[in-house]
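Participant: Before we start, here is the structure in question, set down as structure tokens.
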Amino acid sequence: MKLTQCFKVSYFWLILGGVWYPRSLDNSRMLYAVNFYRVFATIFINVGMLAIQFIYFFTVVGKDLDKTVDATALFTFVGYLYKAITVIKNRQRINKLLDIIDNETDKDDLLRNMAANINFVSFFYNGWACLTAIMWNLIPFTKATLTLPFYYPDLTPSSPWFVTWYIYQATILIINGVAQTSADHLFGGLMAFAATQLKLLQHKLEAIGTKTDSTMEIDEAINSTARKRVLFAKTRNNPLFENKLKRDQTEKNEATIGNKIYYQKEVDELKFLCKRCDLSNIYSYNAFVARAEEELTANPKICTHLASKAQRQQEDYEETVSCVEYHLKIIWFVDELTDIFGGAAFGQFLLAAPLICLSMFIIMTSSDVTEIVTRILYFGCLSGQLFIYCFCGNLIKTQSDLVATAAYKSHWTSTSVRTQKALHLLIIRGQKTMSVVAGNLFELSLVTFGALLKSSYSFFAVLSKQRDE
């Protein structure tokens, strides 16, 4: 099962709204019919709804504060029209991002769990939006005089066109409402996948050098044996070491490759005593080291170990290069998200503060239970839109900050020099935080979400004071 199947509910509503269509229809004969439906949906669903809203707004603005508030509450669909145009215009680029997720070779449990969470959010969030739209269509039935959901045109229930207009407005309200949350879900889900890829990269980085590090004990045994032989040669015929050499003679026979006997203490003692010795007329240090290495490498076990170690170092280097390339791919992925959805996210945030303020105002002033419940649901949809953007954007920020730390936590000390250089470059790049920027003005993060709620409350306080006056 493809990971992007978690967007199937969002696909359905975007297709119904004329914003999206399956890739299987790209080269089919049905493409003309699909394009015709998309034009029809754009005109009669999106543009038609906005036209009704604006006409009603300009007929009541400055005359009745409550009706003006009701009219502006539906302006959230202005932001949706911009998002719809963004999705239509960048459909191929969005499909490319989806292909990157589906073609991920290492489908770790992290990605599968994230796909399951995104799928759950899809049902919950879109279901919440659908319930809000249905409740909005029921508000006119609680009024003394039955009206249309958008309050315009001003038709009486006895008019022969009333039922037709009511069905039309109720239908486009549900389609537009859920399609808008579907677009938000698609954008937020892509950001969540980017954050999960960063977490997967951290696991890969922390595993670098573990294979090579497993041979460190054998390397230590080889190095300790070589050092001991050199020190023994330097101290030959020195009376200070006669007893030491006799005591170590039995231990020397046990210094075979693969055992776990270490001579660090003895070597440290020999180094200390060597400083007190007359080191004249001793073997050439370099010559003896070369001979000691020749004796060591003549052992078949050591030769096998050295070959295996070289292979592991090569594997570590290739894995490091793969991580660097994976990191660059994630950086491109996040930059592409910013380029595609940054403007739409900015428009959503621009409208969100006054719309949240108006919803709070109606909740506090209305006496109609149905309208209060509907406005609470509507407030949840608005807050959910912003929270999805900010939460997923915050995930990208926090996970990108941990990439450099994960690279440093790897077993880099046991890797080759070129592997360490590659890790060094990755650490330097990882210290630059990745983020999704809305309109090149502000980052999507929980800090932004808190600031927006704060400004919404400030607008609400001003509006409440004006109404009291």
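Cβ coordinates come from backbone N, Cα and C, glycine included.
Whatever TrEMBL says is automated annotation, not expert-curated.
So TrEMBL lists these for the protein:
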type	residues	note
TRANSMEM	36-59	transmembrane segment
TRANSMEM	71-88	transmembrane segment
TRANSMEM	120-139	transmembrane segment
TRANSMEM	159-179	transmembrane segment
TRANSMEM	340-364	transmembrane segment
TRANSMEM	376-396	transmembrane segment
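In the displayed structure, how are the listed features positioned relative to their neighbours?
Facilitator: Within its own chain, the transmembrane segment (120-139) has Cβ neighbours under 8 Å at 6-10, 13, 149, 169-170, 173-174, 177-178, 180-182, 184-185, 188-189, 368, 370-371, 373-374, 377-378, 380-381, 384, 388, counting only residues six or more beyond its boundaries.
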Participant: Should anything in the same chain at least six residues away from the transmembrane segment (36-59) have a Cβ under 8 Å from its Cβ atoms, list it; otherwise answer none.
Facilitator: 16-19, 21, 68, 71-72, 74-75, 77-78, 80-81, 84, 88, 150-152, 169, 172-173, 175-176
Participant: Report, as numbers and ranges, every residue of the chain located at least six residues beyond the transmembrane segment (159-179) whose Cβ falls under 8 Å of a Cβ in that stretch; write 'none' if there are none.
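Facilitator: Long-range Cβ neighbours of the transmembrane segment (159-179): 13-14, 16-17, 19, 44-46, 48-49, 52, 77, 80, 84, 126, 129-130, 132-134, 136-137, 140, 148-150, 153, 381.
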